[in-house]
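J.: From TrEMBL, for reference:
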BINDING   Lys8, Leu9, Gln10, Leu11, Arg12, Arg136, Cys137, Gly138, His139, Gly140, Lys141, Gly142, Tyr143, Tyr144  ATP binding site
BINDING   Leu54, Glu60  substrate binding site
Amino acid sequence: MSAIRTAKLQLRKSMHQRLLQLSAADLSAQSQQIQAHLLSHPAFQRAQHISIYLSMDSGEAQTYGLVDQALAAGKSVYVPRCRGQQMDMVRITNLLGLKRNTWGIPEPSDTEPAVDPGTLDFILVPGVAFDAAGNRCGHGKGYYDRYLKQSVNAVTCAICLDEQIVDNVPTTDHDFKPQILVTPQGILHQQTV
């Protein structure tokens, strides 16, 4: 196993332990601050076709409020659907009727059509840990690293809790770096978008 892969595994494990300590009240407060910063960002406001991952119940910034706000603003919202090693995005008009997958995350059924990745103009990317340079350590399955190669026109943005910020995220050439990184304090990292 490579040194970088080992370092990522250790980072995921330590981050998991750190995030277990986060109270529901802290998670909610930080998520609301992140949502306010993201909703006011010009790239989000301009976007019409937005992919938003649906968050796990704990351990990451909550995204259900973002989905509701984007839908209320008249934006087309798409959420991930994972099958085997592949991920696609499916348009939703509300959060009702989604079934939980093996990770406990709601997702659309297999019968719903996937959107062409080129349609998306804003993609919210999940992650386990981030650094001030915008480097991201994902959950380790590579779904977003593979999908984002197809979505070359979209602005990419990650959101993270204060506890998810580390000094240095180990990366390789295959790791995807989001253009914008939003924390409860505001924009931590931004490339020209």
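The chain as shown is numbered from 1 upward.
Backbone N, Cα and C atoms are what each Cβ position is placed from, and that goes for glycine too.
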J.: The record lists Lys8, Leu9, Gln10, Leu11, Arg12, Arg136, Cys137, Gly138, His139, Gly140, Lys141, Gly142, Tyr143, Tyr144 as binding ATP. What's the largest Cα to Cα distance among them, in Å, rounded to a whole number?
T.: 20
J.: Give the sequence-ordered list of residues that share a chain with His139 (ATP binding site), lie 6 or more positions from it, and have CB atoms under 8 Å from its CB.
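T.: Listed in sequence order, they are Arg12, Pro126, Gly127, Val128.
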J.: Test of understanding: give the count of other CB atoms lying within 10 angstroms of the CB of Gln10 (ATP binding site).
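T.: That number is 11.
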J.: How big is the Cα-to-Cα gap, in Å, between Glu60 (substrate binding site) and Lys8 (ATP binding site)?
T.: 17
J.: Can you name the residues of this chain that are 6 or more positions from Cys137 (ATP binding site) yet have a C-beta less than 8 Å from its C-beta?
T.: Lys8, Leu11, Arg12, Met15, Gly127, Val128, Ala129, Phe130, Val169, Pro170, Thr171, Asp175
J.: What's the CA-CA gap between Lys141 (ATP binding site) and Leu54 (substrate binding site) in angstrom, rounded?
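T.: If we compare the Cα positions of Lys141 (ATP binding site) and Leu54 (substrate binding site), the gap is 16 Å.
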J.: To the nearest whole angstrom, what is the C-alpha distance linking Leu54 (substrate binding site) and Tyr143 (ATP binding site)?
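T.: Tyr143 (ATP binding site) has its Cα 14 Å from the Cα of Leu54 (substrate binding site).
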J.: I need the most crowded of these binding-site residues: Lys8, Lys141. Count other C-beta atoms within 10 angstroms of each C-beta and give me the top one.
T.: Lys8
J.: Around Tyr143 (ATP binding site), how many other CB atoms lie within 10 A of its CB?
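T.: If we count other Cβ atoms within 10 Å of Tyr143 (ATP binding site), we arrive at 19.
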